[in-house]
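The structure under discussion appears below in the form of structure tokens.
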Amino acid sequence: MTERTLVLIKPDGIERQLIGEIISRIERKGLTIAALQLRTVSAELASQHYAEHEGKPFFGSLLEFITSGPVVAAIVEGTRAIAAVRQLAGGTDPVQAAAPGTIRGDFALETQFNLVHGSDSAESAQREIALWFPGA
């Protein structure tokens, strides 16, 4: 089943010049980049994107991090795109949960600075795409 998902390459991925590597892995998986933009994230967009984490102890530092530098936002399409992107990304904790061969397993060292975000469900993907790409 063809799906759409949101992928973010976070500020640490931009700073470490991993955009090409990450996009290449997505494309080699057979997925399509339907839209792509480099942007600065406002506090408002960050709060909306991470709304489910509001009130948690790490919420403030999460917003500070995602707004600390440019982000690449992409709409990725393809068969089972949501699961495929999450498999490529690897576990949220790059040391304990991300397998070698995944983006996080190969390149990340900390849970917060884990390089990429991928929507976790069809509902999340729809909501997140509407936030980052209004009208898409």
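Just so it is clear, glycine is given a Cβ too, placed from its N, Cα and C backbone atoms.
Feature list (source: Swiss-Prot):
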BINDING   K10, F58, R86, T92, R104, N114  ATP binding site
ACT_SITE  H117  active site, pros-phosphohistidine intermediate
Could you say whether, by DSSP, H117 (active site, pros-phosphohistidine intermediate) belongs to a helix, a strand or a coil region? strand
Cα-to-Cα gap, K10 (ATP binding site) vs the residue listed as 'active site, pros-phosphohistidine intermediate', nearest whole Å: 7
Taking DSSP three-state, what's K10 (ATP binding site) in: helix, strand or coil? coil
Output, ordered by sequence, the same-chain residues six or more apart from R104 (ATP binding site) with a CB under 8 Å from its CB, or 'none'. A89, G90, G91, T92, P94, A98, N114, L115, V116
Rounded to whole angstrom, what's the largest C-alpha distance between any two of K10, F58, R86, T92, R104, N114, listed as binding ATP? 22
Long-range same-chain neighbours of H117 (active site, pros-phosphohistidine intermediate), Cβ under 8 Å, sequence gap at least 6? L6, V7, L8, K10, A89
By a 10 Å Cβ neighbour count, the lowest-scoring of the binding-site residues K10, R86 is R86
Within the chain of F58 (ATP binding site), which residues six or more apart in sequence place their C-beta under 8 angstroms from its C-beta? Q112
Local backbone state of R86 (ATP binding site), from DSSP in three classes: helix
Across every protein chain in view, the count of C-beta atoms other than its own within 10 A of the C-beta of T92 (ATP binding site) is 15
